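Per TrEMBL, transmembrane segment is recorded for 7-28, 709-733, 766-792, 873-898, 936-955, 962-983. What TrEMBL lists as domain 'GPI inositol-deacylase PGAP1-like alpha/beta' is 79-324. The annotation region 'Disordered' is assigned in TrEMBL to 818-861.
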Amino acid sequence: MFMFRNCAVLLVIGSICCFIYGIINLYVDVEPNACRMTYMFGQPMFSRVQIKNGELYPNYRLFYYYEGLRDSVEPHAKEMTGAPVIFVPGNGGSYKQVRSLASVALRKALTNDAGIHLDYYTIDYDEELSALYGGYLFHQQRYLKLCIRTILSLYKGRSEEPSIVLIGHSMGGKLAHSVLTDLSIGQHINTIISISTPLDRPVLNLDAELDAFYAQTDSALSRTRTVTLPTTRTNVCNSLHQNPPSVQNMALKETSANLDNVLLISTAGGNRDLLVRPGLTASKFNDLHAMTSAIPRVSLSCDHLSAVWCLQFIKTINRFLFSIARVRDDRSVIFGTDKQRNLKSALSHFVKRPSRPQSTMSFSAANNWNEERRLVINKYFANGLKTSYFDLIGIKRHKRYKKLAVEALNVDDIDWLFGCTALVHKETGQTYCEKVTPLTHLVQRLPNREREPRSIAVLDLHNLRNTYLEWTHVLVRLPAGSGHLGYNLDIYDPKERHVDIRLPRWYSFSKQLAVNETLQGTLHYRLRISELFDPYQSLRVIVEPLQCLKPQYRVTARLCVPWAAGFERFQTLTSPDEKPQLYANVPTLLPKHYNTTLNPVIMDLYLDPICRYRISYEYGYSSALSRLVLEFSSWLPAHLTCVLLIVLRKQVSTFHEVGSFKSLKPYTGYLQYTSLYVVTACRLLKKLILSSRVLPTPESLDYSINVSIVIHCAAIAFSLVAALATWLALSLYGNAFYRLALRLTRQSQPSSNILISIMTHLPITYGILTIATAIGTCSGVGLLLAFVFYFLMLSNAYKDYLEDFVWQKAANLVRGTPSEPAATGSEGDGDTLSGIDDGQSDEKKQQQEEEQEEMAAEKKEIDPEPCVGLQNFPFHVTLLLMLLMQLLLTGPNTLAWVRSRRHGIDLPDPSLQSSVVVLISLSLLLQFRAPQKCSGYWMMSIVLYVLSGIVLLYCQAAIYRLNFVFAGAFALLAAHQGLWILWRRLN
């Protein structure tokens with residue numbers, strides 16, 4: 001047991017150090033922001049659109065955006081001819097965030113020959129924190145529906161009613177999805193683009209209203225949309241362009257869901273977005289998902305806020321919107337309603353070029369034709385080309401080699417790769433191709449880092465030979481131009497370039513070799529990574545240049561997760577020590593029974609052929625710790641609650657002697673490791689609950705137990721720090737908190753002293769005051785008042801107890817214990833004077849011995865006085881921390897109440913009932929002078945164990961349920977103390 005205790009201490013220390021390191025590394029090891037700012041070309045102007053019944057939402061407004069006009073634009077008085085687009089801001093977002101999107105669209109409309117233009121509208125939600133308080137969402141949803149109906153009424157004069165595109169940022173994307181629950185609104189929606197939106201579950205599930213909003217949206221969309229979920233056979237790395245089931249069902253009207261005609265697109269910012277992690281941005285109802293680092297012409301990671309002004313990304317969104325819009329005969333613009341056509345356009349803008357070969361093209365035999373027979377080719381034209389250059393590569397000569405990698409440098413946005421059947425010119429004998437088929441759909445444009453564009457294609461020669469039997473060559477065409485041009489070719493056997501590796505164990509600290517040395521001119525290597533399935537796991541890949549022909553090189557890595565569609569991402573390295581380093585990780589947990597050996601995670605390395613490289617790998621500890629913090633830090637409140645309940649279980653039955661040193665330590669009981677047993681026991685209990693199907697189903701968090709142990713050990717360390725901080729605050733800063741409370745409550749010092757004295761001696765008034773405050777205002781205000789008074793009462797009690805303790809010890813030192821020396825002296829005197837007065841000394845001796853025996857008997861009969869009531873400081877410090885956690889959980893609700901007071905809006909208070917129970921129970925505990933030394937604590941110990949298990953089974957993701965756990969713990973403690981007092985009085 002001693003050894004296990006030492007191991008537990010080391011585990012707690014190691015876990016908190018890892019957690020802190022993960023937090024630091026999360027904000028340090030991030031790629032620089034490569035987004036270009038979007039600037040307005042004119043003065044941004046917002047014209048308010050009047051809404052019917054808009055007075056029900058006094059703090060919300062709808063605006064129409066325009067630029068640079070001296071005269072104001074009134075949408076109600078003007079004929080609106082553009083295609084309507086509504087921007088929906090998110091958590092704390094401003095309606096002015098539409099400026100970048102709308103300004104780029106206005107500029108693009110001026111240069112559009114077809115006359116396509118867009119009408120941008122934006123909603124002002126008063127910058128409400130809708131991600132933290134769910135009561136806002138239902139309110140905002142109803143207003144969004146009113147806005148859609150109002151905007152449709154502006155286009156009533158058209159012969160064909162237009163459909164609307166919704167663009168939602170952050171929680172605005174979830175609001176846009178939620179309007180599809182109303183079929184009368186959903187039939188007018190064309191496309192929804194969500195930007196960095198937590199679609200299927202929130203980042204933090206802090207209240208029941210937020211949980212209900214997600215549950216209602218999910219339930220309604222399950223009936224009106226086709227659901228796409230990964231299976232054990234899913235492998236998107238093999239078929240990136242497979243149509244989702246919603247598009248497949250569109251061909252069969254009888255099986256198509258009601259709202260499958262609405263195109264749903266979601267995007268994620270990548271590793272720079274630390275607010276909404278990528279795994280939350282995809283939805284089972286989506287048609288398309290894309291990472292900004294993989295979007296053509298974007299190829300960078302956006303943080304949560306820059307996604308709405310990043311010029312590269314904003315241009316891509318507007319290009320897509322212009323591509324699906326069309327002009328009618330009356331010069332009005334509408335969005336096309338052909339779902340399949342719109343999806344193909346979305347794929348070409350957000351993923352890559354269309355997957356189908358285009359029509360054939362013709363070239364003249366008089367061009368500059370060349371035929372290459374080598375396996376490795378590197379051709380560069382530093383000064384450009386005066387005429388187009390054609391190179392033919394035979395595909396039937398080297399049947400042993402099944403792969404061909406070819407890249408073009410500085411060849412952008414044109415067809416440069418073709419397949420063809422070669423002919424021989426009768427007069428010159430030159431080999432050429434007259435009819436060619438573009439292979440542009442197989443070309444991947446790589447991120448260029450502001451350098452020359454790099455496009456690459458990896459062709460399966462075996463597949464080309466069997467599919468196009470008449471083809472003899474692959475054609476590379478370099479266009480005429482003055483800039484640097486060139487192309488590289490690498491024909492190889494995939495057995496030599498496909499490397500199977502396994503994720504090392506977390507306790508393996510060694511670096512392992514994948515490729516000792518690549519050949520000069522190598523373009524492509526593929527790493528197939530198995531056993532990488534948890535979101536916190538990370539593999540670091542080291543691509544080390546051994547020898548380069550030039551000092552500058554460029555290596556691009558493409559990561560594909562087979563069960564996660566749309567999470568393909570790219571990263572470019574230009575030096576071995578560049579940050580962030582090259583890591584492989586997955587955004588979501590793999591499906592059950594998924595085989596990562598048959599369907600491994602794929603990392604394609606597109607190498608610069610000017611260098612030879614060594615490729616090695618190791619477990620990515622820094623990245624793993626950062627991802628653990630990013631993915632699972634939301635579990636901390638539940639684990640901290642579990643720790644406090646286990647600490648309370650020990651404290652409630654431990655009574656130190658009054659005047660002892662142990663009674664001065666409020667952190668007693670926090671140095672424990674018993675709660676680790678609860679973590680392991682809950683893993684087994686979860687399996688029993690799922691198999692028995694009697695109790696409610698626990699949360700489906702099937703992650704490694706390593707995650708739970710690290711988070712729980714970090715919670716143990718945080719609880720100890722919180723207890724020490726509370727102790728210091730009680731002993732050193734009580735007066736400072738007292739003065740702060742006086743300023744906040746605007747009470748005078750005499751009246752405050754009287755109030756605290758009344759609450760200390762008659763705690764039921766404490767409950768009446770705080771409960772009335774909670775009901776009259778909101779639960780958070782009542783809890784805040786309760787916490788302040790509870791802290792001040794505990795601080796005063798601790799100071800009084802500390803003064804008595806010091807005076808008692810000082811008095812004992814001054815008075816000393818003279819009884820023993822007196823007895824010794826009297827014995828010596830008796831021996832000396834025994835001959836003088838024998839009779840008298842014998843009587844005194846006998847009397848002293850009798851008195852000492854009586855005192856010893858009294859000491860044995862009288863037990864030491866225990867610390868009860870407010871003198872049991874460890875117990876009350878734990879209750880104070882539990883009350884603080886309840887207060888923090890209701891913080892968003894309190895902020896919502898404060899903001900809503902300005903407009904007279906009534907918002908639901910989901911924490912009111914649990915808060916009232918806590919306040920009633922706490923006032924009763926103070927009235928009963930709890931804890932009292934009584935029987936039945938073994939029952940309370942079992943109950944607290946059960947509550948701690950409930951926390952880990954049902955409250956790690958649904959954080960708002962902790963309110964009910966706190967209410968149950970306080971109520972059970974109050975009931976136990978009250979029943980014991982009642983039983984004692986009856987007996």
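From the backbone N, Cα and C atoms, a Cβ is placed for every residue, glycine too.
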Check the transmembrane segment (936-955) against the transmembrane segment (873-898) for contact, please; criterion is three or more CB pairs under 8 Å, pairs 6 or more apart in sequence.
no
With a Cβ cut-off under 8 Å, give me the same-chain residues at least six positions beyond the ends of the transmembrane segment (7-28) that come close to it.
274, 622-623, 625-630, 673, 676, 709-714, 716-718
Under a Cβ pair cut-off of under 8 Å, which of the recorded stretches 766-792, 873-898, 962-983 contacts the transmembrane segment (709-733) most often?
873-898
Taking the domain 'GPI inositol-deacylase PGAP1-like alpha/beta' (79-324) alone, what is its mean pLDDT?
89
